[in-house]
Amino acid sequence: MMRTHEAGSLRAGHAGQSVTLAGWVARRRDHGGVIFIDLRDASGVAQVVFREGEMAERAHRLRSEFCLRITGEVVRRPEGNENPEIGTGDIEVTATELEVLSESAPLPFPLDEHLEVGEETRLRHRYLDLRRNGPAKAMRMRSEVNRIARDVLHGRDFVEVETPTMTRSTPEGARDFLIPARLQPGNWYALPQSPQLFKQLLMVGGLERYFQIARCYRDEDFRADRQPEFTQLDIEMSFVDQDDVIELGEEIISALWRETAGHEIPRPIQRMTYADAMARFGTDKPDLRFGLELTEMTEYFADTPFRVFRAPYVGAVVMPGGADQPRRQLDAWQDWAKQRGAKGLAYVLVGQDGTLSGPVAKNLSDGERDGLVKAVGAAPGDCVFFAAGDRSSSRALLGAARLEIGERCGLIDHDAWSFVWVVDAPMFESIDDTDDVAVGSGRWTAVHHPFTSPNADWVDNFESDPANALAWAYDIVCNGNEIGGGSIRIHRSDVQKRVFELLGISEEQAQDKFGFLLEAFKYGPPPHGGIAFGWDRICMLLAGADSLRDVIAFPKSGGGYDPLTGAPSPITVEQRKEAGVDAKPAAKVGDESISVFPPGVVEKQG
């Protein structure tokens with residue numbers, strides 16, 4: 001046996017026992033010829049003492065991160081030398097045997113938790129970073145999150161199924177990571193962007209309740225909150241409606257927060273329509289930890305003399321106490337808005353006597369000035385920010401301003417948890433209103449994906465008014481972060497055909513890209529729906545981390561680069577030839593590239 005006890009498990013009750021420990025030297029101190037080391041293993045730290053004589057002599061050569069095996073007697077620390085900060089603070093181990101299992105080179109950075117170390121350096125030596133308490137704790141918490149979810153789902157008779165990670169390239173919005181098929185030169189596998197189509201096939205196969213902690217891959221341009229490979233808790237259920245999926249989602253989320261954060265989520269979690277979220281908060285991911293809301297002012301300024309406010313949409317958001325901001329701070333708000341692609345952020349200052357000032361106020365009519373404070377819910381001393389233009393971008397700007405105001409004014413309780421379901425999402429959006437890759441060649445693209453079912457009010461007539469058609473789609477939001485989302489799927493072939501026609505996807509194109517799914521749907525598919533939770537983001541929130549990278553064992557940095565292994569890296573000419581990278585298959589007639597899943601948060605594919 002390499003060791004008899006874990007270092008962090010020792011307590012006063014072990015006093016008098018002989019123990020053998022194994023771990024790393026976290027700290028070494030020399031006090032008048034007596035050597036003290038903090039021996040660290042996965043369980044914690046124990047203080048080991050090498051008294052004068054041979055043991056102290058042998059301990060002199062020990063350095064940080066030497067890997068040791070030590071035998072000694074557990075004794076209580078002298079009175080006054082206890083350390084209440086650690087679980088083993090009442091005892092120490094007097095060493096009688098020492099074995100150096102391996103030595104350590106000088107460290108590239110100190111492993112002290114209290115010292116700041118650059119992220120690139122930490123990721124390059126991630127194996128050392130994981131010896132620190134914070135990263136190690138995040139990994140253990142993530143393992144616990146997996147266990148909790150599995151317990152909930154197994155308790156409901158769900159079946160954990162592993163779907164392929166080498167599959168056919170199917171259009172799902174982002175680019176695929178491709179793998180050459182060596183035995184079939186010119187042909188390629190793709191790594192899955194999600195298990196979406198396979199989990200629907202499992203429902204056709206009669207499994208009824210499926211889940212998977214799934215690895216997914218998207219070859220996207222770098223974004224700060226994304227990783228090219230990520231994890232989602234993927235779920236699909238047969239014979240369910242939207243309420244059934246939401247109820248299961250709430251049980252999972254409640255169990256996670258209760259068992260890892262000690263927080264009991266009030267249930268049922270409130271619901272808000274997509275339209276309401278956009279109108280009140282300027283986003284479909286509203287942070288409800290504070291109550292500041294947008295006010296639409298389009299009708300109020302319908303006859304305004306101010307040319308800037310003669311726009312399809314005018315909205316406002318109030319900054320409490322913002323009238324006291326100096327001019328340079330108000331100018332900084334303009335720079336803030338321009339960084340988000342806007343021309344600026346109009347504002348009106350409300351004086352303590354109720355008078356309005358600022359560059360916008362003088363351009364308003366007397367009637368507009370007189371009623372403005374009441375219309376937006378402002379008070380003396382407040383600043384009112386405005387955005388005018390198209391509805392989508394103006395709301396987005398005000399929504400971002402709302403969050404910035406919340407931070408600057410201390411309105412957000414960072415110890416609070418606030419959850420909301422956003423439901424009744426639009427089924428389609430015009431290709432003119434999105435930067436996403438168009439779905440098919442029609443005027444409309446799917447907001448979620450083209451297998452999302454229209455809701456009961458729209459299933460028979462969505463073609464008549466695509467702009468207002470609503471889907472059985474739902475996202476769950478925590479503190480302004482989308483942590484999961486899904487939909488009820490189309491299981492009727494006639495409805496699926498009509499959706500494809502509206503999106504401009506021909507029958508030939510549909511068969512070429514995902515004919516295997518359409519073929520399966522000929523054989524009595526059940527009504528089904530599901531959800532996918534963004535596992536990395538959930539773990540980040542539960543760990544109180546600032547970045548997804550903090551809760552991933554070996555994350556990528558900017559642009560998908562791995563500082564640890566140097567991936568991606570070139571391959572040799574021989575590897576390239578053997579893999580058939582340059583082989584060209586015979587072109588198929590009518591083989592057109594269609595994007596079916598718009599780029600976006602992976603949970604939307606759930």
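These residue numbers are counts, starting from 1, taken along the chain as shown.
Cβ coordinates come from backbone N, Cα and C, glycine included.
Among GLN227, GLN496, the residue that Swiss-Prot places alongside ARG218, ASP219, GLU220, GLU482, GLY534, TRP535, ASP536, ARG537 at the ATP binding site is GLN227. Of the given residue ranges 64-67, 104-107, 196-199, 408-411, Swiss-Prot assigns the label region 'Aspartate' to 196-199. Each residue of the region 'Aspartate' (196-199) gets a DSSP state, and the totals for helix, strand and coil are 4 helix, 0 strand, 0 coil. For ARG489 (L-aspartate binding site), the same-chain residues lying six or more positions away in sequence with a CB closer than 8 A to its CB are GLN200, PHE451, THR452, SER453, HIS528, GLY529, GLY530.
HIS448 (L-aspartate binding site) sits 63 Å from GLY80 (site 'Important for tRNA non-discrimination'), taking the Cα positions as reference. Here the binding-site residues are GLU220, GLU482; the one with the fewest Cβ atoms within 10 Å of its Cβ is GLU220. Taking the C-alpha positions, the distance from GLU220 (ATP binding site) to HIS31 (site 'Important for tRNA non-discrimination') comes to 56 Å. Counting neighbouring Cβ atoms within 10 Å of each of the recorded positions (HIS31, ARG218, HIS448, ARG537), the lowest count belongs to HIS31.
Under DSSP, ARG537 (ATP binding site) is assigned to a helix (H, G or I) in the three-state scheme. A simple Cβ count within 10 Å picks out one of the recorded positions GLY80, TRP535 as the most packed, and that one is TRP535.
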